[in-house]
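One structure, as structure tokens, below. Some questions next.
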Amino acid sequence: MQPSPPPTELVPSERAVVLLSCALSALGSGLLVATHALWPDLRSRARRLLLFLSLADLLSAASYFYGVLQNFAGPSWDCVLQGALSTFANTSSFFWTVAIALYLYLSIVRAARGPRTDRLLWAFHVVSWGVPLVITVAAVALKKIGYDASDVSVGWCWIDLEAKDHVLWMLLTGKLWEMLAYVLLPLLYLLVRKHINRAHTALSEYRPILSQEHRLLRHSSMADKKLVLIPLIFIGLRVWSTVRFVLTLCGSPAVQTPVLVVLHGIGNTFQGGANCIMFVLCTRAVRTRLFSLCCCCCSSQPPTKSPAGTPKAPAPSKPGESQESQGTPGELPST
């Protein structure tokens, strides 16, 4: 039996980059949860699914942060605990990501409405929380989670490479669902985009007002960009983990390449940050309210005093000015 290769060593700069990625992902996931709590009128079914994805990403970022901070050098109880939490959260994140794409496909292309979508949401909960939980509990009970020498991770613990069937458990605890998502996400979003483009083409023949048509095209263009970017961002983040997984199976020393290690660390930990960029910072309805909230917090300072010592009175507002400055929630586009 050949001796196992030395573990992948992480230099402080690599750990710092991955820790920063974990922190930004946790911040982004927390911001998504906060926007859901602050504005009830924005709680559509799709954004409700995004809330559960954000919770999974938040737990994933926290568990990865602990793993990278500890940089485990061998098996221990907290290595198993961290590996179990990250396995559950990471697998759940895969399921919720596909669930959002499937929901958009069924609601837009198949026009699913009413009780049917309610049953669908319950099914998403059962699958997206239940399946990862069963897999994780089984992996812990069978002692499959443990130290992996950072060959298929970046400092954190996952599947014990000493287990005889470690490849099977790597597939069950993440890689199988990851590779299925590579196929399902582009396929579902492509079908949704084709349906939307077909509908816009049909509607354009009956829109005589050019300004409305221009606004429709502008909003649909932003939606089309998102439908393309969502699967591309997911694949762009996760592919480095898959590459190192394949290199580990092949026994290639390239698995320890520093650039590949850093990309793997960022890709596995930054999903929450990427979702925040897409669905908060690049969604005008949420971005406008968030910036307004920040401006209100910054402007809520005590009134300045005039040289005479009396506080300056605020300038009287013009009639109708306050109504013009406040847009109704329904007027804010979701793109």
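Cβ atoms are placed via backbone N, Cα and C, with glycine included.
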Please state whether Swiss-Prot assigns Y147 and A285 to the same topological domain (same side of the membrane).
no
Quick check on the annotations: Swiss-Prot lists transmembrane segment for one of 259-279, 280-300. Which range is it?
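Residues 259-279 are the ones Swiss-Prot records as transmembrane segment.
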Below 8 angstroms Cβ to Cβ, which residues of this chain, lying six or more residues outside the transmembrane segment (16-36), approach it?
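Those are 42-43, 47-48, 50-51, 54-55, 57-58, 60-62, 64-65, 68-69, 154-155, 262, 265-266, 269-277, 279-280, 286, 289-290, in sequence order.
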Grab the same-chain neighbours of the transmembrane segment (227-247) for me: Cβ-Cβ under 8 Å, and only residues 6 or more beyond its ends, written as numbers and ranges.
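Tertiary neighbours of the transmembrane segment (227-247) are 97, 101, 151-152, 170, 175, 178-179, 181-182, 185-186, 189, 192-193, 196, 254-255, 260-261, 263-264, 266-268, 270-271, 274, 278.
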Of the listed stretches (49-69, 88-108, 120-140, 259-279), which one yields the highest count of Cβ-Cβ distances below 8 Å with the transmembrane segment (167-187)?
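Between the stretches 49-69, 88-108, 120-140, 259-279, 88-108 has the largest tally.
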Calculate the per-residue pLDDT averaged over the topological domain 'Extracellular' (1-15) and state the result as an integer.
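Averaged over the topological domain 'Extracellular' (1-15), per-residue pLDDT gives 70.
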Which sequence-distant residues neighbour the transmembrane segment (259-279)? Criterion: at least 6 residues beyond either end, Cβ under 8 Å.
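Here the qualifying positions are 8, 10, 14, 17-18, 21-22, 24-29, 31-32, 47, 50, 53-54, 57-58, 60-61, 64-65, 68, 90, 93, 150, 153-155, 226, 229-230, 233-234, 236-241, 243-244, 247, 286.
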Sort the residues of the topological domain 'Extracellular' (141-166) into helix, strand and coil with DSSP and give the three counts.
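Result for the topological domain 'Extracellular' (141-166), in helix, strand, coil order: 2 helix, 4 strand, 20 coil.
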